[in-house]
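Here TrEMBL flags B:5-78, B:90-162 as domain 'Glycine transporter'. The feature transmembrane segment is assigned by TrEMBL to B:6-22, B:29-50, B:62-81, B:114-135, B:147-165, B:171-192.
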Amino acid sequence: MLFQILDYLGVAVFAVTGGIVASRKQLDFIAFLFFATLTGIGGGTLRDLLLGVPVFWVVNETYVLVCLIVSVFVWFFAHWLERLSKPLRWADAVGVAAYSVMGAAKALSVGDTILVAILMGVSTATFGGILRDTIAGEPPSIVKPEIYVSAAFAGASCFVLLVQFDIPNALAAGFAALLALGLRGGAIIYGWKLPGYGSNAGRQD
Amino acid sequence: MLFQILDYLGVAVFAVTGGIVASRKQLDFIAFLFFATLTGIGGGTLRDLLLGVPVFWVVNETYVLVCLIVSVFVWFFAHWLERLSKPLRWADAVGVAAYSVMGAAKALSVGDTILVAILMGVSTATFGGILRDTIAGEPPSIVKPEIYVSAAFAGASCFVLLVQFDIPNALAAGFAALLALGLRGGAIIYGWKLPGYGSNAGRQD
Amino acid sequence: MLFQILDYLGVAVFAVTGGIVASRKQLDFIAFLFFATLTGIGGGTLRDLLLGVPVFWVVNETYVLVCLIVSVFVWFFAHWLERLSKPLRWADAVGVAAYSVMGAAKALSVGDTILVAILMGVSTATFGGILRDTIAGEPPSIVKPEIYVSAAFAGASCFVLLVQFDIPNALAAGFAALLALGLRGGAIIYGWKLPGYGSNAGRQD
């Protein structure tokens with residue numbers, strides 16, 4: 001149940017970020033719809049292709065409808081959203097948190113190992129945003145020094161770990177998603193970052 | 001039959017656009033071949049991966065041969081093509097029209113729903129060009145304000161709708177492809193565009 | 001056996017290039033890991049998706065471990081690597097050589113034709129680097145005038161051809177990889193290039 005909510009939530013908030021990018025580029029409604037859908041379902045599509053299972057929105061078109069509804073909403077209310085503080089980055093943060101857990105959970109559910117599940121969580125949490133930014137011609141968030149991939153990594157690892165210790169799935173998912181969101185949120189508000197390459201011990205020059 | 005023609009046509013004209021981009025970057029023949037092939041088969045490859053069917057050019061290598069022939073042609077005649085008015089954009093328009101119908105048709109043929117078929121038409125019609133522009137480092141056509149995604153959307157939707165009303169496939173395909181081409185052509189010649197986000201009713205500032 | 005070595009080698013050296021790019025962008029360790037893994041397994045992932053076989057690192061997670069080890073290594077020693085002459089381009093060259101042969105070999109091993117095998121070699125040898133450069137926001141090596149795609153093409157074609165003449169697989173693989181590396185190496189050291197489009201016979205202006 002919490003999984004289902006996280007799943008729709010991840011798709012919906014990523015769709016919101018796609019819509020915001022389209023609104024900033026002043027695209028028309030169909031392009032809007034396209035950007036929102038692409039960003040919403042991009043990460044999960046990659047996940048399913050890599051796992052070799054049927055693509056989720058081809059099987060269940062409710063996800064496409066979610067993106068459609070979100071597009072209509074953002075089309076009418078993007079100017080309100082823009083009054084919030086950093087709406088794009090916060091929606092993206094919620095999406096990363098939800099998708100990192102869902103990616104890892106789906107990989108575990110088809111019998112993959114811990115390492116593959118973590119990698120699947122990280123890559124599918126970040127893929128929608130990479131797609132959105134690359135096509136829109138913006139620098140992807142992933143190459144900024146702030147915590148981003150690390151938040152997805154923390155979410156996916158935490159979920160996988162808790163499940164290993166027989167914590168119920170829903171509890172593990174909720175906790176892991178909150179951890180990822182907390183880390184990414186800290187990066188948005190306070191600029192949290194891990195030490196970057198230049199500052200590591202072995203670096204001389 | 002018309003399907004087969006549309007299919008080869010879509011691959012061939014997208015390959016032409018890939019070749020033109022390579023010629024403008026003054027790449028060598030092998031890179032030429034690579035760009036033409038990538039753009040020609042990119043959209044259909046995505047379509048088949050998403051639908052979970054074998055990739056079309058792995059099954060039938062005629063498509064690769066078509067790209068090879070187109071590459072040789074463009075290599076020798078790109079300087080003639082360039083004398084035409086906007087050859088890249090027109091070839092791209094024909095490709096978008098052909099692929100939008102083929103994408104939707106293939107999705108319907110493997111039993112997918114209307115919504116999925118439309119989305120498949122739109123995404124596969126635009127994917128080859130996105131790939132071409134991203135790798136070449138050009139801004140993708142998709143983020144320009146002109147009608148582009150909308151043309152693919154009109155083509156795919158029109159085909160799916162006509163088929164629902166029992167119009168014969170070939171007729172529906174021909175009509176839908178012409179509609180998409182007409183819309184995109186209007187955008188190229190007259191700069192047709194749908195109202196962009198900034199001008200919608202809810203926008204205040 | 002040589003295949004196995006080429007396979008791990010291709011993944012490892014592409015992972016090195018991903019790590020070097022991350023180090024130049026001063027990213028944190030997790031982003032480092034992500035970039036290295038993405039570049040290391042990107043090409044092979046595309047190959048397996050196109051061939052419709054299970055993705056290699058989902059089946060055998062040793063490949064992910066290889067990327068993890070490489071990341072740790074590059075994290076501590078990137079400043080040494082940078083003292084070498086053009087470490088990124090040389091590692092990339094070894095990766096292209098190894099992957100062009102592996103891509104073609106895997107396509108042949110699942111029964112595909114010569115043409116598909118060559119295309120698979122070329123596309124999987126270049127895909128990891130395209131992904132790395134696109135996400136990092138660098139211009140992809142593939143659109144530079146130097147020999148690059150051509151080296152991958154030579155490696156894949158040479159392997160496929162030698163195998164047709166019943167040369168043992170390992171010998172064919174070794175020879176083809178060296179050919180690809182030699183061509184790309186010549187491009188790095190001496191700036192070797194094939195004639196570009198502008199200089200071909202048919203070009204008037």
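Every residue, even glycine, has its Cβ placed from backbone N, Cα and C.
Taking Cβ pairs closer than 8 Å, the transmembrane segment (B:114-135) reaches residues 14, 17-18, 21, 35, 38-44, 46-47, 50-51, 92, 95-97, 99-108, 141-142, 148-149, 152-153, 155-157, 159-160, 164, 180 in its own chain, all 6 or more past its ends.
Along the domain 'Glycine transporter' (B:90-162), the predicted structure has mean pLDDT 92. As a summary of secondary structure, the domain 'Glycine transporter' (B:5-78) carries 64 helix, 1 strand, 9 coil according to DSSP.
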